[in-house]
Every structure is written in structure tokens, then in C-alpha cells.
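Annotated features in TrEMBL:
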- 5-61: coiled coil (COILED)
- 78-167: domain 'Arginyl tRNA synthetase N-terminal' (DOMAIN)
- 464-498: coiled coil (COILED)
- 535-661: domain 'DALR anticodon binding' (DOMAIN)
Amino acid sequence: MEARVAQAAARLARQENEIKCLTAEIERLKNFGCLGVSPSLEGLRDENAKLKYRLNFLRKSLQEERSKPVKSMININSCLQEIFGAAIQAAYPDLENPPLVVTPSQQPKFGDYQCNSAMGITQILLKTTEQKVSPREIAEKISKNIPANECIEKVEIAGPGFINVHLRKDFVSKQLSNLLVNGVQPPAVGKRKKVVVDFSSPNIAKEMHVGHLRSTIIGDSMCRLFEFAGYDVLRLNHLGDWGTQFGMLIAHLQDKFPDYLTVSPPIGDLQAFYKESKRRFDTEEEFKKRAYQCVVMLQSKNPDFIKAWNLICDVSRKEFQKIYNCLDIALTERGESYYQEMMKDVVQEFEDKGFVQVDDGRKIVFVPGCSVPLTIMKSDGGYTYDTSDLAALRHRLYEEKADIIIYVVDSGQSVHLQTVFAAGQMIGWYDPKVTRVAHAAFGVVLGEDKKKFKTRSGDTVRLIDLLEEGLKRAMDKLKDKERDKVLTEEELRAAQTSVAFGCIKYADLSHNRLNDYVFSFDKMLDDRGNTAAYLLYAFTRIRAIARLANIDEEMLQKAAREEVLILDHEKEWKLGKCILRFPEILQKILEDLLLHTLCDYLYELATTFTEFYDNCYCVEKDRQSGRIVKVNMWRLLLCEATAAVMAKGFDILGIKPVQRM
């Protein structure tokens, strides 16, 4: 796929500014003789001709850019940053890396956006040139150098030096029309990159529990976002499917489950066997020796042991897949076993480059700036998690050729992962300025008692039990609202699934992932406030407005191509601008990987829509008969644009809305 073109509006602003500068340069060269310098006439003409050629080329390119249809949604904030960046450059050409601060305004009286760079520039000028210039004076100079553009109506200087920006209504209206005609498109993000996301990663022979919920939900949503933005995404499930525990388990099965070579016990029994094998491993010396012998047999690919291992893995996979099917999550399995053959080469490479030290028979690697060394080979010659994680990192960099690698793993692994990443840099596998390797850490799930989420008996909550409880509570909620009396059986089941799994996902994603969060079915199923229940109900109501006015999809599409969206009412204007902030929200999350920002935005969009709907009639009816007397089509188009953005937001969060609820 071809690389995406940079945002059209930003390029226009940049090119127009360059044309302005080059025109001034030509004028300067024409008058060069007045400066007392006497370059040869031939050289002067040559320089002048080059500048004129460049100027004509830019003008032609600018014209082509203006006539080119734009499919990607314009990030207005980025567009304004380009414009103000050019203005600051023109006003202060000698200033290196001047601060560029453009944010949406919090109140209408301060315009639509604000540029707050003047205060920072004041400080830089004072430090570098000892000039004392007031921020207001700087703001005025920046404002005078704003290049010609299609989005700014006017700017005003307020307070000590804030530049309040008012957008052009025809510009906002045009962007909304583009959205309705082209659908919700991703922001332009440059060339297509390869992204590897490592998430979910349960352990074979153990049931998935509530601790796996966050990695699975957050990782899936990140993948959906990168996929929407046009990246090539590999969703990796780094299963715990290798190591000493399998020797323990097979040794125990030999004693307790003699059919282990032909059939594996159910996952629940496997988990119980695993616990028993661990207890025996810790307390029985003879069993411990036999477990180690089983590990050696497994690692040497003994057919019987491989068969037993495969049976154990298969029964686990089937159980995991039930969870993934419920949550609509797709993954490519690539467990620790996948990297076994690569570990020898990893150890060899670290030895060849002189990074290995031997400590009590172990081969360890000290990484500068990291407190704990990596153990890449045990004293008995076995490999460790450190080795497999290094092998996985190397494979993702060299074989997958990833530009971005994201590990969605709990915060408790931060030190380990940062050490692995630092080791990868130290040995020269990647340059962090070129390749992004990030740990998207997250906190733990707490119960309502603010302690780790457990069952009443103190056991870890099984994820399948949690999802089934969610389904039950969602149906109870729908029946409390008597939705079972107006929905068909099929619609009711679809609403139940949408609410249950949507609420569980949203409750997680709406919290800052870096923090712990309290799991509460009562709060997540509440249809008031920032919850999936509220947003899903709001979405179905918005979708119903056109339907109840007998306006079908075809009529809306025709209107989108022909109607001008009028934004005269303050609530229409507020909603239009809120809809168009979607690309800048996504751009921010692509950078910081904090998905709660999208949840906050969707809630803001839903509440802004409610303000609009309460103040602006979309469909006018006769008060006596209830007959429709007038349909304000431009307002129905605003409803449609709101719903389209909400639907795409839900899709990124992995939530499935329904048409009727």
C-alpha cells in the first residue's frame, strides 16, 4: 500500500509560506547591488533563475494540491500547528525549536482553539538574547505572519499573550460533508508501518482468570486502532507453553492420569493437577528429579513427551478460544516454544560481543542503567524467560521487520521488560530513534473492597465465570427496563451480548490503564454517566431519529452530497467541532497508547449531542396530530455524522452496538 500523503491542509499552509519567503528572497536578490556587495552579474542571474524556477514549481504543486480530493480526515489541531509553526518561523527565523502549543479552547469566548506559544518564546528570547519582549508583543508578531489558509476565520490576542483562533464555518461544514460522503476515515499518519502487539498471553494448563482481562481487552483495542490507521498489524499471543512446569505436570500425570498419552484431562482438572505437581515439586526430592528428567525428554523432542505436551496445549487452546470468541478477539499464537531453537544463537551472539559474564555457573548479562542482570543460561544449561524474551524481541525486529513493537503486560513486569529492551539496544538490534519498542503497562483489577479481585473463597476469579455473570446481569437489566416486551428474541439476545461484553470492555478501557481499577458490575451497567450502557443507549437513540422521520440511508447520502451543513446555532457549531476532533484524539492515542482518552471523547460527544438535540429541532411535528411537518435535513446529517463517529469509536474499543435496544 502506498504511503499516505501528508495532510493536505498542512501542506498548503507550509507551501504558501515558502512561496511568500521565496518571493521576498527574489526581491532581495533584485536589490542585491544596494547592499554594497558586487557578485558577478552572471552568478546573480543564475541564482535568480533558480529561485524563480523553484517558485513556479511550488505554485504549480500548490494548485495540484488544492484540486486533489482528500479522503483522510483532517486533524484540525495538526493543521493549526503547521500554520502557527510557519508563522513563528517567519516571525522569529533565528529561533531554534520554538515551543508550539495549540489546544482546543475550553470556553466559546476564547474562540475554538488557542495558540499559547508566546509565553514560552518570551522565556527563550530572555535566555538566549537577553531581550525582554512581552508575550503580547510576540503574539501580535506571530499573528501578523500567519500564512494564507482555509481554516482560520480570525485570531484575537487575549490576556498576557494567548492567541484565540476562530475557525471558518464553511471550512468546518466542508469537513463534516467530507465525513458524511467518504465515511469516517483515519487521520493521515505517513508511511505504512509494521506493528507487532504482544498481548493476552495466558499460560497453558491454567485457566484464564480476571488478571488476563486487561491485557486481552487493551491489546485488542490497540490493534484495532493501528489497523484503522492503516498499519500492518501482527497480533501475537505469547503463550506460556514451555519450561520446567511441563516436566512437573507430565511427571504428575504419569502417576495420576495413566491415559495422558491419548487424552488430556479437562482444563479444570489440568489446573488442579498443575497445583498438585507444583506442591510435589517443592516438597518431594525424588519427584523433583523425575520432573527435571521429563523436561530434558521434552526439550530433546521425545515423541511421547511431545504428544503429551500437544494434548495439554490443545485442551488449553480450546478453552482460551471460548473467551476470545465471546470478546470477538483474533490472535496469532506464538508461544515461548516457538523461540526455543533461536535461543542458542541469542546466547552465542551475546558471548561473541563480550557481554556475557559467568556467575556460579550461570551466564548473565549486565545492562547499563539496569539494576538486575539478565540470566540467559542456567547453570544446568537450560534457558530462562530472559532468553526467550530476548529471542522473541530479536525475531520481531529481524524476521517480522517491525517498526513498532508493543508489549501489553502488567506493570509488575516493567523492570524486566525495560532490561530486555535495553539489552536489545546495547547489542545493536535496534535504534530507539528508528524503531519504537514500548511497554504498555497496566494496573491490577480490584474488587469493591479495593483489594485484588477474588472470589468469596479467596480464589482468583475465572474469566469465563465473569463473562457469564455479565451476560446474566445484562439480561436482568434489559428485563428491568421491559425491553423483552418490545424486542424480538433475536434482538434481545443481541442487546444482551452488546451490553454485557461492551460494559466489561468499556469499564476497563475508560480508566487510565496505568492505574488499578475497581471492578463493579453495578457501576458498569449503570446507564447514567460515562459507561458503555449510557453510550450504547445514546447511540441507538441517535440512529432512530432519521428512521422515525422516514428518512432512509439513500436519502441521507443524497443530502450529504447536496446539502450545506448550516452551523448557525451555537449548539450546532459546538457539535460540529466536537465531531471533527476525532482524528486528533486518535493521533494522540497512537502516540501515548492511553485509550481512556477515546472513552472520554465519546462521552463528551454523546453529551454534546444531547445539548444539540434538546435545543435544535431535527424533526418538527404538529403538536395536535403528531404528524411530521418539517424535516431539518442538515440537522439530521449532524445526527448521522455523530453516529458514524460513535460507531467507529465503538469499533476501535471492540464494542458492538445494536440498532435496537
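Backbone N, Cα and C atoms are what each Cβ position is placed from, and that goes for glycine too.
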Could you give me the DSSP helix, strand and coil counts for the domain 'Arginyl tRNA synthetase N-terminal' (78-167)?
38 helix, 19 strand, 33 coil
On the DSSP side of things, how many residues of the domain 'DALR anticodon binding' (535-661) fall into helix, strand and coil, could you say?
86 helix, 7 strand, 34 coil
Long-range Cβ neighbours of the coiled coil (464-498) (under 8 Å; 6 or more residues past either end):
207-208, 210, 213, 319, 322-323, 326-327, 504, 521, 525, 533, 536, 655-658, 660-661
Looking only at the domain 'DALR anticodon binding' (535-661), report the model's average pLDDT.
94
